[in-house]
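Visitor: Submitted below is the structure of interest, expressed as structure tokens.
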Number of protein chains: 2
Amino acid sequence: MSVNPPNQKHPLPVPGFKVGTASCGVKSPALRGKRQDVTLIVAECACHAAGVFTKNRFRAACVRSGEKTLASNSENVRAIVANAGNANAGLGEMETVWARQLIETGAEAAGVVSDSVLSASTGVIGTPFPIERIQEKMHEASDSLAADNWEAAAHAIRTTDTFAKWSSAEIEIEGNRYTLTGIAKGSGMIHPNMATMLAFVATDAPIKAAELGPMLKRAADRSFNCISVDGDTSTNDTLYLLSSGIGLGHAPLADTSLFEHALTELCIELATQIVRDGEGVSKFVTIEVSGAACEADARTVGRAVAVSPLVKTAFAGSDANWGRILSAVGNSGIAIDTNRITLSADDVLMFEKGNLHPDYSDEQGMAVFSQDEFTISLDLGMGDAQATVWTGDLTHEYITINAEYRT
Amino acid sequence: MSVNPPNQKHPLPVPGFKVGTASCGVKSPALRGKRQDVTLIVAECACHAAGVFTKNRFRAACVRSGEKTLASNSENVRAIVANAGNANAGLGEMETVWARQLIETGAEAAGVVSDSVLSASTGVIGTPFPIERIQEKMHEASDSLAADNWEAAAHAIRTTDTFAKWSSAEIEIEGNRYTLTGIAKGSGMIHPNMATMLAFVATDAPIKAAELGPMLKRAADRSFNCISVDGDTSTNDTLYLLSSGIGLGHAPLADTSLFEHALTELCIELATQIVRDGEGVSKFVTIEVSGAACEADARTVGRAVAVSPLVKTAFAGSDANWGRILSAVGNSGIAIDTNRITLSADDVLMFEKGNLHPDYSDEQGMAVFSQDEFTISLDLGMGDAQATVWTGDLTHEYITINAEYRT
């Protein structure tokens, strides 16, 4: 089940990068040769890089090691090695050993030193990590390295995703043309503050690591941290951004605002693809919060609506139950004045400044809520800040996926 | 659906109190004469009283007025008037008018002044409040006032509850015997910080309002604020405690600790009955958190586990998916050291100080999780504080109730 997955063009190659995949049978030896499950992204020059990680206190070893590498070596990143099928998490001391072995295997296949390699793992928690199966087949990834291989990588990082997720953009800045290409995976355990979600973005726009870091954080706050499927945050969430531009000889950009805009849009595109593929999601709902005292307040209110089981089941039932939405707003913890709140669904005004709108009828609301995509707009009347959050509904299918199968 | 509802004795009368009910057809005129939906609790003397209310910012008029009455008149409360079938919430300015009319109608029926009357409403949000139907039939409530009528009241405050909830206790303090009787309702929108939950507790133990307030807050924090069905908090949640003892001529208790213990136990009994009757709940799970740095931390961790959709669907699926529990602990926001955490299910040790226990097998875990009641124990290894939280599973039935019916 997914809601209107994008029917999009192939991802664009990014100057300086090659991508390869391998079929290692990470989840089970029986899958070897049947699906690609290891991805290798290699840069031909030193990249400036940044990362955003899960805020879960149980952080998998790959997250801890990625953070460490970026802290010491963010201007000399050469590769990302990623696997699906096993999160290498919840495994105690062996986790760290296996994560290092994954990085060493990736470094060898990429022909670079291991402290220039970032890693990411996704899949089941608590099952011993089959490093030997990866070591055995990693050569397939180096053998298949190619500039136009991003789509294969988007497939290889999937776990329960029903479609592969990518997005590309081209921008012209100061007379030069640059590319951004990103791939992402995630469908369960999706929630603000990074979900079981991996996303890797590569660009040849020349920007220093010191600027990439805060920029990526802002872009994540407006994209991946604004989506919710089920309110859970995983142990392994990772977003990496690699820039080859300076290594390729470009002068660093004087003004990064155009790039940041393109990066944010690309992250939003990847993030909303994740919601469209959310476990059991049958509706894609955009929640626009305006009139907030600050952007953080707007986002908090949007998230409170996006995670409320009562709101999400109302979406599932095509029930324009505005009382549940207002109750969720009231639960957000943000200071609000209920007499200033205005609520619409698409272009139907439901609730205006504390009162049900006299022209509103349940039929109008139901007509909006019965669509597979619609927008809830909330004006808090407290200021000028706004934020957008994207969410899905909570369906029987979600229960079936999560109660009946082990993920 | 409910999990092992208690098969209990009738509630005990409390000296100084009489209870009556009426069938007003609040939800629909067609229900008039078919179910009792208005409750009147009358004290024959001035009561000392306290209340705990929803933290939702959309607070219904009854909550605002109850708070106001307790602020000015907490040593002279004479009655509670409550209705099921309409929350009188989300209705703008008329809400306040209707809430006042409900109180006036109750005061007249009780024969007391209106500023000594507390009110509470529960039911659908956003439907005009049918005060005239209540005014018309309120005489039934005064006509039926009787000391042994608590069970009828427990039935009359229900909305979607499948069984009526009450609890009684007798305690001996300083040579006198006192009674506590409480009734409660709630099954959907149940979450810490007070759910769509009403609970009224009456006692003849002589305690001043100034002491009842903080005591009730502590008892609520350890009972009603430790339960979760779906993570939503309603606009109308109300817990009232009325004490007739001083009005009946008893000297105020010098030591209230025995009473507070009994009150807390009674609130826990009412709160866990609410979980057992949670919408779609098929399992009753106790989450014991120990080794926390402080009680608030322990409660936060317990709640994080209790509300996680992935944990709750694992409960539903009888899947001993300990990774989801640890991930929820990591998401709680509390400072933890993953290498100190120990996790058990009933007497099966699963995870010990950061590592899966070598003797643990999935079969053992599944045997525990397949029961309809079990206990998850988490030792954080950070200190000596502990807390207990009670929750249910997340089932298809919950989706059916909330997606297919308007509540």
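Just so it is clear, glycine is given a Cβ too, placed from its N, Cα and C backbone atoms.
So TrEMBL says this about it:
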BINDING   A:Thr159, A:Lys185, A:Thr196, A:Glu279, A:Asn402, A:Thr407  substrate binding site
ACT_SITE  A:Thr196  active site, nucleophile
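Give me the local environment of each listed feature.
Guide: A:Glu279 (substrate binding site) counts 29 other C-beta atoms within 10 Å of its own C-beta, drawing on all protein chains shown.
Counting every protein chain shown, the number of other Cβ atoms lying within 10 Å of the Cβ of A:Thr196 (substrate binding site) is 32.
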Visitor: Chain B sits near which of the binding-site residues A:Lys185, A:Thr196, A:Glu279, A:Asn402, counting only a Cβ gap under 8 Å?
Guide: A:Asn402
Visitor: Any idea what DSSP makes of A:Thr196 (substrate binding site), helix, strand or coil?
Guide: coil
Visitor: Indicate whether A:Glu279 (substrate binding site) is helix, strand or coil by DSSP.
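Guide: It is coil.
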